[in-house]
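Below is one structure, written out as structure tokens; the observations come after it.
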Amino acid sequence: MGKKRIMFFASLLLITIFLSFSYAGITRESPLSIGKTLSSSNGVYELGFFSFNNSQNQYVGIWFKGIIPRVVVWVANREKPVTDSAANLTISSNGSLLLFNENHSVVWSIGETFASNGSRAELTDNGNLVVIDNNSGRTLWESFEHFGDTMLPFSNLMYNLATGEKRVLTSWKSHTDPSPGDFTVQITPQVPSQACTMRGSKTYWRSGPWAKTRFTGIPVMDDTYTSPFSLQQDTNGSGSFTYFERNFKLSYIMITSEGSLKIFQHNGMDWELNFEAPENSCDIYGFCGPFGICVMSVPPKCKCFKGFVPKSIEEWKRGNWTDGCVRHTELHCQGNTNGKTVNGFYHVANIKPPDFYEFASFVDAEGCYQICLHNCSCLAFAYINGIGCLMWNQDLMDAVQFSAGGEILSIRLASSELGGNKRNKIIVASIVSLSLFVILAFAAFCFLRYKVKHTVSAKISKIASKEAWNNDLEPQDVSGLKFFEMNTIQTATDNFSLSNKLGQGGFGSVYKGKLQDGKEIAVKRLSSSSGQGKEEFMNEIVLISKLQHKNLVRILGCCIEGEERLLVYEFLLNKSLDTFLFDSRKRLEIDWPKRFNIIEGIARGLHYLHRDSCLRVIHRDLKVSNILLDEKMNPKISDFGLARMYQGTEYQDNTRRVAGTLGYMAPEYAWTGMFSEKSDIYSFGVILLEIITGEKISRFSYGRQGKTLLAYAWESWCESGGIDLLDKDVADSCHPLEVERCVQIGLLCVQHQPADRPNTMELLSMLTTTSDLTSPKQPTFVVHTRDEESLSQGLITVNEMTQSVILGR
């Protein structure tokens, strides 16, 4: 009896200690005091009081729970520490969050009051401290909108020119003083935007302009870079920069008291520094002054652009380059406007684009050159992949030349700076050319007789392709697109032999080929009976030639000859996802980590189409057979014949010609022809469930009632969280919680109402964090009828081929 009483009191003591040191939330009745902490639901972050070096100054802050040494990512009272042990953080009668000292004076507050009968403060697993209305569940205030020196995944920097609102990082004064320091980090309202570290009102470091998935002034961010960032700007004068992180890793971005912008990631044992800027002298803003280039060498050094000389030779010799350079020969622009060329452009490679650029929309590379040439105030231009045309009308400031990467900058110079006496060069070149012509004329004539038939045929083929494009297919800007000759394609594919056939879809066959230079290609040969006409063919060429992302297939060119229409793509070794997923042997090659990587890659590609691409694209035919895999099993979205371009951030339209693949089509699209971004989200949800189960939606039938894949997924999620949906061949390689989360995300994507489905930003957040998910509702397309001879859906028939359905008005 005595032992039982001792155990009872010991248990009671442990419970009391636990309750006294860890809170589920802060309320008016349950404040947070010194010595107690508030943890996020999964124990990722912790909120509490802390001090530096056993100082009496106490701060309320958020840090990573269980990681030593402590990394504080947010401080509430950064300017006003408390010095007494009776301080506490609590909810006031008007719903505000307040920090009181022992005299019950307010030391810090969120600065807002709410017409709320009750509220509480909670800490999310994203590290966001939120004040929530108890009645409506609405978030009244959040720390993610009030930054300190640190940015966590899924928080965002932003600006709004209309309201004047701006969200920035502000450094600490020192590593033991969290009060505001000298440095801030912000995104600029320029188009395109760039990230800048400011020292007071002066720029200290800048990233270079944003190019869809990368900052052009950071050389490690090349075209193959997998970006954890997203930057959105709209026409109303607002923009936001969001930081993601993959695979549930702990990470953060911070600005130090010395002005160093750093990105850290935890490897399970320690923090790794993944990025730092400025890293050397060339990163310091304007290090070489106007029209100077900082050459990224060891040590860094300054030089002037061609056609420019140091403004002060003496200062330049002393190593003081901030005065920069001045033009050696003045420009005379009048001649360029009346047809006589007196100025030209000198091209410099591997350059970080200078500051003070201006964006010219809807201009191709040639147009960019022509506009700058005929504008006397245009000093330079660059046509940048992912941006388009940038021009400079002011001094070229903060230019850096990298050893690799960077952009090509074209600088306007007087013609005399571009290579000496042009007339003498022309005369010499003419004499040499004439001599060579006389010597080679006879040999060329003989050779021409032999080659003329082949050459004429090839030219006719190439001209036919271009004329068909120009006259028949209503040309659009496809700069950089190559027109292949028909005989080149026939040779590469061995005249479209069956041994080179990779597969066949609704719009024709796909063949493997090899060009004369050894490059492997995939050729899509459109069938005349496929139903893909001029519009779809042009659509696919225009779209893919402009879209560039690691998770989208890349088009190399096309061929148009007579009735033949061919598209030439990069060849991907592992073909399409369905060849692995639905093959009993090959499916063993894609374990759960690879499947999750494929899921995430498709989501990133879709996010690029919907939000990060300047065209804004709805795919309309997303399915497993349109997901191609490279040699590393990275997914690439393909087949843009049915895709639609749109402007703005949200889009909805309807069509009389409903084209897509039944089973992957959203209900509103299949029934009424209405499509939007959420139509693609529905298709993604179906693909996600197929990847989890290894089952094809058009072939799946479960139980005596013949349940569809969606019906079975819903039933499994309701009964077991969805873990029994997983393909048994990959069960040993999975994390059960990750699988259950993916099942729930898949069901959220296939909701009947488009408004209930997530957008791509929310989708990426769901896949890459452990934040709470909303519960899905029962999806549509779950009722099957079954007789002895056939199995058919009660609502709609599923077919593997892309279909077109004409709807009445």
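A Cβ is built for glycine as well, from the same backbone N, Cα and C atoms used for every other residue.
Under the heading topological domain 'Extracellular', Swiss-Prot lists 25-425. Residues annotated as N-linked glycosylation site in Swiss-Prot, with sequence analysis given as evidence: N53, N88, N94, N103, N117, N134, N236, N320, N375. Per Swiss-Prot, disulfide bond is recorded for C282-C294, C288-C302, C368-C389, C372-C378, and the stated evidence type is similarity to another entry. The annotation topological domain 'Cytoplasmic' is assigned in Swiss-Prot to 447-809. For 496-781, the entry in Swiss-Prot reads domain 'Protein kinase', with the evidence type sequence analysis. What Swiss-Prot lists as region 'CaM-binding' is 585-602. Look at Swiss-Prot and you will find D621 tagged as active site, proton acceptor, backed by sequence analysis.
Features as recorded by Swiss-Prot, highlighted on the structure.
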residue	record	contacts (Cβ under 8 Å, 6+ apart)
N53	N-linked glycosylation site	T176
N88	N-linked glycosylation site	P31, L32, S33, I34, L99, F100
N103	N-linked glycosylation site	none
N236	N-linked glycosylation site	A162
C282	disulfide bond	C294, V295, M296, P300, V400
C368	disulfide bond	A360, F381, A382, Y383, G388, C389, M391
C372	disulfide bond	F345, C378, A380, F381, M391, S410, R412
*When the pLDDT values for the topological domain 'Extracellular' (25-425) are averaged, what is the result?*
90
*What is the separation, in Å, between the Cα atoms of N320 (N-linked glycosylation site) and N375 (N-linked glycosylation site)?*
33
*State the count of C-beta atoms found within 10 angstroms of the C-beta of C302 (disulfide bond), not counting that atom itself.*
21
_Euclidean distance between Cα atoms of N134 (N-linked glycosylation site) and C288 (disulfide bond), Å_ = 57
_Among all protein chains shown, how many Cβ atoms are found within 10 Å of the Cβ of N94 (N-linked glycosylation site), not counting that one?_
12
*Taking DSSP three-state, what's N134 (N-linked glycosylation site) in: helix, strand or coil?*
coil
*In whole Å, how far is the residue listed as 'active site, proton acceptor' from N134 (N-linked glycosylation site) when you measure between their Cα atoms?*
43
*Minimum Cβ neighbour count within 10 Å among the glycosylation sites N320, N375: which residue?*
N320
*N94 (N-linked glycosylation site) and C302 (disulfide bond), distance between Cα atoms, whole Å*: 60
*Could you say which of the disulfide-bonded residues C294, C378 has its Cβ with the most other Cβ atoms inside 10 Å?*
C294
*For the disulfide-bonded residues C288, C389, which Cβ has the most other Cβ atoms within 10 Å, all shown protein chains included?*
C288
*Other CB atoms, at most 10 A from the CB of N134 (N-linked glycosylation site)*: 14
*Write down the Cα-Cα distance for N94 (N-linked glycosylation site) and the residue listed as 'active site, proton acceptor', rounded and given in Å.*
51
_Integer Å distance between the CA atoms belonging to N375 (N-linked glycosylation site) and N94 (N-linked glycosylation site)_ = 60
